[in-house]
Amino acid sequence: MNSQTKNQSMFQGPIVRQALRDSFKKLNPLIMMRNPVMFVVEVGTFITLLMLLMPYYFGVQDQMGYTIAVFVILFFTILFANFAEALAEGRGKAQADSLKKTKADTLAKRLNEKGEIEEVSSTELRKGDVVVVETGDLVPGDGEIIEGLASIDESAITGESAPVIKEAGGDFSSVTGGTKVVSDSIKVRITADPGESFLDKMISLVEGASRQKTPNELALNTLLITLTLIFLMVVVTLLPIAGYVGVQLQIATLIALLVCLIPTTIGGLLSAIGIAGMDRVTRFNVLAMSGKAVEAAGDINTMILDKTGTITFGNRMAAQFIPVGSSTETEARGAAVLSSLKDETPEGRSVIELAKSQGFTVDPAPYEQAEFIPFAAETRMSGMDVNGAVYRKGAVDSIQKYVQGLGGEIPADLKEKSDQIAGLGGTPLAISTGNQIVGLIYLKDTVKPGMKERFDELRKMGIKTIMCTGDNPLTAATIAKEAGVDDFIAESTPEDKIRVIRDEQAQGKLVAMTGDGTNDAPALAQADVGLAMNSGTIAAKEAANMVDLDSDPTKIIEVVSIGKQLLMTRGALTTFSIANDIAKYFAILPAMFTVAIPQMEALNFMNLNSPTSAILSALIFNAIIIPLLIPLAMKGIAYKPMPAAALLRRNLLIYGLGGVIAPFIGIKLIDLAVGLFV
Amino acid sequence: MGNATLQFLLVLMLLFVVAVPLAKYLHLAFSKETTKLDRFFSPFEKLIYRVAGIKNLEETGWKKYSVSLLFANAALLGIAYLLLRLQNLLPLNPGKIANMEPTLSFNTAVSFMTNTNLQHYSGETGLTILTQMIFVTMMMFTSAATGLAVAIAVIRALSSKGKTIGNFYQDYVRAIIRILLPLAVVVTLFLVAFGVPQTLDARTTVTTLEGNTQNIALGPVASLESIKHIGTNGGGFFGVNSAHPFENPNAVTNLLQILAMWCIPAALPITYGMMVKNRKQGWVLFGTMLAIFLVMLTVIYCAEQAGNPALNKLGFSSAQGSMEGKEVRFGIPLSSFFTALTTAATTGTVNNMHDTLTPIGSLVPFGLMMLNNVFGGEGVGFVNLLMYAILAVFLAGLMVGRTPEFLGRKIEPREMKLIVIALLIHPLIILGPSAIAFMTHLGTDAISNAGFHGISQVVYEFTSAGANNGSGFEGLGDNTPFWNISTGIVMLLGRYVSIIALLAVAGSLTQKQPVPETMGTFRTDNATFGAILIGTVLIIGALTFFPVLVLGPIAEFLSIR
């Protein structure tokens, strides 16, 4: 995860200050109208303000204190709701700002028609331009490498500091504007006009500028508006109906009743929940192209996962040391460990781990001064030079060439043994000491730890997993069983993936998949949730509706959880908000009528101090519940994968029953405090 | 108490005996496939199609279905209005009854067309034998058939995937020919057997014990009584409805009428379970309605049995309960039951006067009509419950972290927009006109008991009209242009806005590919869902109408206790 943003606390000083300022800016009725529930509150506030300004016109000159109290509480209700939204937006903006720094105008070395380099501003680059990027340059825009190979530092986008190798042709040819070439030189064809680049999209998404309401949010909003209209109707009609039995209701009290009844809690927090949900995804270093995609992730029924890289580490973990020629296993192991001692790649570490598990450890102290030879795309090997000894490990043919270059012999059994490893579906690495090849490392496909548990979780969530692999059916079945997936497709082609996705979709299921290659693009587009790897091709990223900046395909599982959590938070707070109304009725209705109809005191179950205190307490509760719930809206309600029935019971108990009971307690406590003053 | 419980249990038992086979029969009668019923009923149906000029019986989408429904209903409304306006000139008018005045004719025609049967006239003096037979009885069949057709179309839409929801005319004709007519014949025969008159004589003249002569109104009562209940219509032959000894002479006919009005609304959820191939879900919906009904029944029975608090305070014995406005031959248990059921099933027939219920007792008919989905009127009540089920799914479904789905179909903005139309219209047409009535003398002049009870009278009238129930707090002097026109409009809106909105929801849902059920699915066929549905119905209903009930019955109770 991005180390720059990970530790950001929810309430950072500058963000909070900005949010406070924005809460006032959002009072503008034109902005407010986008949130009809809160707009009604604002209109109510405005009417009470008029009453304060013209007390004689409204006949409230005797109740100025009460009217002022109602006005102030209403005003704060709106501010609290605005603050929630502003805070969520502010957190997104803070992230966007740090991204914008990378977007600073850079100089691009554009090739003109004659093939000469001319220096232009990156903003002048258009789709189709070809630029040269050399060591130390920033890539001036999104593009595709058409010539060369380079290692690129993408930390500005991904937060991952280890550079990645990109080269022309194949699935690793795309580069992103704002990233830095740390070695070599490449020619890049620009694929996005200014303002449309990946970084631009990312900035506008995290800023919330291009945030559209999701279908789910729209449906819920419709319901909230309806409830608001119903309560508006209830309150407005109450005036003449009560008038018939001689109850003169005060306007301020009716407004208080209305505001308490309409779903202000969820109305005030709804957009914050949505923004914060997107924000959680972004913080997780996944870039979702829309909120809809995140929510669709919550609905996923089937997940298609590639075996290599997702379920297994790929052909990457050392499983065995095999000596060749006259060497012993101990020699092979020793050389393998020394060649990997300072190698931080997963392969390198796995060699150390395997040796350790075989009881072989090396004290690193004597090798402090040793020179580490990192893996390079050209040499395709790595190793260590120490006290004149030279240890190397790498692709079998590279090492062969290397030792031959040093005048060494190739052991007779090398080819046979390395072919054997390849036949088992593994990858052989050759190990050399000086000019002698001493053995092979058998790199085997290994199921990532914890995958089985995650698939169990997915099963509990009702999600079926399908593993895709190019392996033969036998190998595929073994891995599938080891990993605990529900189904697998062996010897699969990209067409197979599309077929499976269509089959599942025809049954009404929503399908998620991950991919990175150009040939994955159609399937990514067909899937309801397509998560592309940032290391993948432009085609894949464009077809997908999410991009994982860390290029970790297993993250799709977390994205599903975030999607579910987002929907649950919305549902839970809506339920809570509506359930609150029961207590508010029992606080306000008796208070409204008791003056004219003393018998109504019987409905004052909560035994609240006085009618005024009861109404103000309900209104205060209604206001402060919004800021109290902001952390919940931002973080999302707690979610552990479990079957729907258990989840429902749990949330109903907390937010349904809790929503009925909490305001009774809250209002009573506030009334005790208010009673001291009123 | 024990005696009452026994009576209630007996009725419930008989209900199961009647409703379960009826549910199967409904399933068969509306089946798309050819069934053994076709051989018997097809000739009659074909005759009707030929006479009416209906040639195309292909399934249509929701829009065409709604248009056909509106067209058929509007045509009947026109005919009915003319019949009432001209009844004096038409045959079968031995009582020399005059033409009905325009606003009352409008109200009455709308009232019967919308399955409401709010009667601002008294049957004995307001209608001729012809209008009783042709207008009242015919409309009782057609309005019930309309509701039944809607329910079947909605259920059909939920149980299959496609673009169509059925053919209105086919559902409509089948509802009359296969369901309502046969049931009406059976019930009529039973009623006649137990003493309900069936004659074309308008009245009989008798000499009383004192030697005076007295005219006693008569007519084809039994045939009207049967469809009045089977179709959850409720319009009585006589002004006092099923409290009249000719409409409802004894406990047996009372029981028959209860079963008649309950059987179709109770059978529909079971039929639904069969059609969507999830019987358990049908029973959950049935159980939900029964649970709310039994709670309501308990409330009214206890309130009525406890007697009038004002009289109890004066030291009168409350042993008999509050018998004011009730018939001795039914007593408290069967009067309470009848009141609860007639408002639950929105029939609107009464065997006791709701105006004289104790305040707490009167909360029950109010509550049931305001909810309008506890069994509910022929077909539409069940469709209303489905609407609440979808709402419950929406609220609770989000809490399991998925886009809410009902029967595997996603509930999206389009469905939500349509559902809220149906949700909004009900309080709008009850609270809005009530408020207007209290603002004008045209409204308040009709009130016979001022104070809190007056609020109850007015709100009851619009609630009854809005829920298409038809019962009244009879103290209200409601035969004035203001009441005739206002309740007429309320009845129209209450009936057709929600019918069309919900047909549209069905039309939209039927086009969606159902999502298969998994561990992650929010199940709608277990007790948890039943509880959520009850919660949704009660909370939304209670929150909407609580304030006005506080000012009406609750304030009345608090002031006389």
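FYI, residue positions are counted from 1 along the chain as it appears here.
A Cβ is built for glycine as well, from the same backbone N, Cα and C atoms used for every other residue.
What TrEMBL lists as transmembrane segment is A:37-58, A:64-84, A:218-245, A:251-275, A:582-600, A:612-632, A:652-677. The annotation domain 'P-type ATPase A' is assigned in TrEMBL to A:107-207. Summarising the annotation, TrEMBL assigns active site, 4-aspartylphosphate intermediate to A:ASP306. Marked as ATP binding site by TrEMBL: A:ASP343, A:GLU347, A:PHE375, A:ALA376, A:ALA377, A:GLU378, A:THR379, A:ARG380, A:MET381, A:SER382, A:LYS393. Feature annotation from TrEMBL assigns Mg(2+) binding site to A:ASP516, A:ASP520.
Structural mapping of features recorded in TrEMBL.
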residue: A:ASP306; record: active site, 4-aspartylphosphate intermediate; Cβ contacts under 8 Å, 6 or more apart: A:MET467, A:CYS468, A:THR469, A:THR514, A:GLY515, A:PRO553
residue: A:ASP343; record: ATP binding site; Cβ contacts under 8 Å, 6 or more apart: A:ARG349, A:VAL351, A:PHE372, A:PRO374, A:PHE375, A:SER382
residue: A:THR379; record: ATP binding site; Cβ contacts under 8 Å, 6 or more apart: A:GLY394, A:SER398, A:TYR402
residue: A:MET381; record: ATP binding site; Cβ contacts under 8 Å, 6 or more apart: A:ILE373, A:PHE375, A:ARG392, A:LYS393, A:GLY394, A:ALA395, A:SER398, A:ILE399, A:TYR402
residue: A:ASP520; record: Mg(2+) binding site; Cβ contacts under 8 Å, 6 or more apart: A:PRO494, A:LYS497, A:MET513, A:ALA532, A:GLY536, A:ALA540, A:ALA543
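Here the domain 'P-type ATPase A' (A:107-207) has, by DSSP, the following mix of helix, strand and coil residues: 17 helix, 41 strand, 43 coil. Each of A:37-58, A:64-84, A:218-245, A:251-275 was scored by its Cβ pairs under 8 Å to the transmembrane segment (A:612-632), and the highest score goes to A:64-84. The average pLDDT the prediction assigns to the domain 'P-type ATPase A' (A:107-207) is 79. In this structure, A:LYS393 (ATP binding site) is part of a beta strand by DSSP. Contact between the transmembrane segment (A:37-58) and the transmembrane segment (A:582-600) is not supported, since fewer than 3 Cβ pairs fall under 8 Å when only residues 6 or more apart in sequence are counted. With a threshold of 8 Å between CB atoms, the same-chain residues lying at least 6 positions outside the transmembrane segment (A:251-275) that come near it are 35-38, 40-41, 44, 47-48, 51, 58, 60, 63, 66-67, 70, 74, 77, 80-81, 84-85, 87-89, 92, 208, 211, 213-214, 217, 220-221, 224, 227-228, 231-232, 234-235, 238-239, 291, 566, 569-570, 573-574, 576-578, 580-581, 584-585, 587-589, 591-592, 615-616, 618-619, 622, 625-626, 629-630, 633-634, 636.
A:LYS393 (ATP binding site) is surrounded by 29 other CB atoms, counting those within 10 A of its CB over all protein chains shown. By neighbour count, meaning other C-beta atoms within 10 Å, the densest spot among the binding-site residues A:PHE375, A:ASP516 is A:ASP516. In this structure, A:MET381 (ATP binding site) is part of a beta strand by DSSP.
Following the DSSP three-state reduction, the secondary structure of A:PHE375 (ATP binding site) is coil.
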